[in-house]
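*Asks:* Structure below; questions to follow.
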Amino acid sequence: MGNTNQGTSKADDSESREGVTNTNGADNRTGERTDSQSRQNPLPQPVTYYEPDERTRLLPASTHHGISGQPPLDIDDPAVTPLNLWGIRFLRYITIAFLLVASGWWLVLLVTTFVSPQGFHSRGGGWFAFGYTSLAIGILMLLLFSFTVPSRAEEVIQSVIAVLLLVNLIITLSVPGLREEEGWIGIASAIFVLFVTLWAVCVDRSVEWGKKEEEERLTGRAETRRSLKEWCSVFSALVIMVIFLVISILLTGTLSLRAYDQSLEVPGKRVWVEDRYYRVHIFCTPEHSDKGREKVTVFLESGERAVANGLLDWAQENYVNGTIGRFCYWDRPGYAFSDVAPSPLSAGMAADALSEALAKVGEKGPFILVAHGIGSIYTRIFASRQGKSIKGLMLIDPLHESYLPDVGSTGRGFFMWFRGVISPLGLEILFDAIFKARSREDRIFGKSSYLNAKTIKAKLQESLAAKTFTKPEVSTSKVILNRKIPLVVVSSGEGVKKDSRWDQAQKESTELTDNLLHWDIVNKAGHKVWETADGWNMMSKRIGKLVDIATEGNKFPN
């Protein structure tokens, strides 16, 4: 008994000194644990041991399970993501911000296609800027789509795209003609898409690092395998990135052709109009030896193509053989060597620009106007505003104002817009250059000129303004046009025979003035009447007649 009390006394002393219980954890008197003892001495937790294998780290790591005592997560667990790192999340937020900025800029460029605010005019059409911004949006959207699944192959392709875009930027800045046509809008868009591409490469590298860090922290090792879902994501992103690479190659090819085309010499003068907003090209022949016939200048207005695409050859021959003493022509805004005008652009606005340009180069007339196709609309408005300086009017298979609703149809407008959007790719123009050996002349004013980005923009403007602006202007010009002006109409035989509506329109065109000299229908001639020998000769004969009348004292015939 004494031994027991002594043992108990020693145990109490031990507990008071060391704060621990006896081996069975019971009180020496009651056999039960006290609250203080339970808090100080919790029951031991079971410990799970893992057998080392070939994947076991040789050195301890600061892993999730090493710190918390929890087992490592499975690699497919949603918690294993680089987005756990605040730096990676920050990169994602910045990418989303860039996407919003790119989308806003894309909308601005879309609006300027139809209406040009002050300072937002691109003299080259603006299609390249729109294409660059669209590419930037695509790269940012793809980056967000595969944000947590970076791919080394995708990074390599993005790096190649960045190199191509850098080449494009260098070409644009180093070629004066391109630099002027693209303006600050095109240059800023080129810099932005280059920055976005480099940003995508850096973000992919950062996410790849973050993914590896999180896998090591949460699973104990960096996973080299991919799940089926990840493979599908990587493959989809890779296919889209290859498409972006092809687009970049086409952009570089088209831009290189444009740079080469800038080396073609301009035959006339480029004149600033509308307070130096854009330039139009005007060409006039030097003085002719026949001073009598130089009293009047024959002025040429093109139809659906530039004057240099056929009609110029006819005028030059008649100038050489003395049928006409002197002639001038211009390229409407967007055609051949002229800049694209701000939108909207109606026929009346173009006629005002022509009047300003002629005044600046010192051409005061008198004029005999020769117009083809839709150019007759522009010429009629110009003639009505020039008054007595117009001494004759010759219309070659003219487009009547009744066709303006067709020109301004929604389908045609959308087609021209879509063609403009894809024009930076140069699908047709590159094909023609490689396989058909098309020259600079072909692309600027020849066979392939309808694929020119500036010409496409001009035709889009023509379509947008046809019903809203141009048609009222034509109606007004019809009222105020001098009814004494000698008039000649030369029509296409094929067009008149095949289309009764076209036949009626040609007949109405002969009633524009009260002084119709001739209405000729050239058999077997198409819309370009001068391409047949009969059409060429008939046109030469009629222009000679108009010049004779105009030079005989500069008076209208009775």
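Cβ coordinates come from backbone N, Cα and C, glycine included.
So TrEMBL has the following annotated:
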type	residues	note
REGION	1-49	region 'Disordered'
TRANSMEM	93-115	transmembrane segment
TRANSMEM	127-149	transmembrane segment
TRANSMEM	156-178	transmembrane segment
TRANSMEM	184-203	transmembrane segment
TRANSMEM	231-251	transmembrane segment
*Asks:* Who are the long-range neighbours of the transmembrane segment (184-203) in its own chain, taking Cβ under 8 Å and residues 6 or more past its ends?
*Replies:* 91, 95, 98, 102, 105, 109, 112, 120, 122, 124, 126, 128-130, 132-133, 135-136, 139-140, 142-143, 147, 155, 158-159, 161-162, 165-166, 168-169, 172-173
*Asks:* Taking the transmembrane segment (231-251) as reference, which of 93-115, 127-149, 156-178 has the most Cβ pairs under 8 angstroms?
*Replies:* 127-149
*Asks:* Are there residues at least six beyond either end of the transmembrane segment (127-149) with Cβ under 8 Å to its Cβ atoms? List them, or say none.
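*Replies:* For the transmembrane segment (127-149), the list is 81-83, 92, 95-96, 98-99, 102-103, 105-106, 109-110, 113, 158, 161, 182, 185-186, 188-190, 192-193, 196-197, 200, 203-204, 207, 211, 226, 230, 233-234, 236-237, 240-241, 244, 247-248, 251, 255, 420-421, 423-425, 453, 456-457.
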